[in-house]
Amino acid sequence: MPHKVSLSRLKLTDFRNYAAASLSLDGRHAVLTGDNGAGKTNLMEAVSLLSPGRGLRRAAYGDITRVGAAGGFSIFAALDGMEGEVEIGTGIEAGEETTARRLRINGTPAKTADELTDHLRLLWLIPAMDGLFTGASSDRRRFLDRLVLSLDPAHGRRASDFERAMRSRNKLLDDGRFDPSWLAGIEEQMASLGIAMALARQEMLGLLTRLTEETLESSPFPSASLQLSGFMDGQFSRPSVDLEDDYRVMLAESRYRDAGAGRTLEGPHRTDLVVHHREKAMEAARCSTGEQKALLVGLVLAHARLVGNLTGHAPILLLDEIAAHLDENRRAALFDIIDGLGGQAFMTGTDRGMFTALGDRAQFFTVADGRVFG
């Protein structure tokens, strides 16, 4: 069983609809129930900001600050983390105009948000993701990269560095500055970073596929078969140095075409995640809404198990409205799977009765009007 990473305290100040909120947690799962709009998802969002990035809503930090507050917000968490007990604080200060939040770990300013992955890994599933299989490829790419990031914390930095290099190349091409040596230097960087990104994605999908195949018969949820398309399809069994050479040549040969298009037309930023319902041999986008939700739940749970197996530490799960639209038997099976992962899960719903099958495996909180009652 993986080590259980769990929050013991969560304190919010001027966060969304909370002027101040404090939760004392005992390591069990946390179930948050209350009316729609009470602030359940806001609590989940606060926990999600204990990972790199902008959290489960990807909101601008100015939008997170409570309306009517002086400005700024803060999140404090104490947890039993991957390296022992740790305290994490993050937020922005009043009057601070920034796209980056401040972060302290045990009172010491962190150099980068990537340091958070030394202490916990977070995965989430929210209603906004229900249209993942039918929506834009950029949403699936973002989902894919969060899966990779849970196993390879350097992936996020590679992706942002690639985007930065690509923007530089696009600007040079847009300005008509076709300096061969300058472009070659940028394209070499893009090739190195881009292939590393693509290989990390491919490796994660391979690991997840093998795990899924091993647990086919025991899961109450349909299993997904996963493929990548849109960039160097079918070539990733070749040596990385050869792939980098090919992509570098591809970029050099497409300069005029990319200049005309106003963007880079080939690269890992064009990759799409193709998902099929394994048992039905059907593309996920063609499945019913209920089947798509079940596929997504199964995929996230399988990935959570993979993270626990490979890191030795169970991820914290944020599952918003997870029990809605599931019958009683499937809800009970879902809770057993979540508990069997060995980690702590935060779950929300409007009806406490939907979580009865959890019994004493969970702490129950009621959320109402920006207040939390334990």
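A Cβ is built for glycine as well, from the same backbone N, Cα and C atoms used for every other residue.
For reference, Swiss-Prot has these:
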type	residues	note
BINDING	G34, D35, N36, G37, A38, G39, K40, T41	ATP binding site
Neighbouring C-beta atoms (10 Å sphere around the C-beta of T41 (ATP binding site)): 23
Those binding-site residues listed as D35, N36, G37, K40, and which of them has the most Cβ atoms within 10 Å of its own Cβ: K40
Sparsest Cβ surroundings (other CB atoms within 10 Å) among the binding-site residues G34, G39: G34
G34, D35, N36, G37, A38, G39, K40, T41 excluded, remaining Cβ within 8 Å of their centroid (ATP): T348, T350, V367, A368
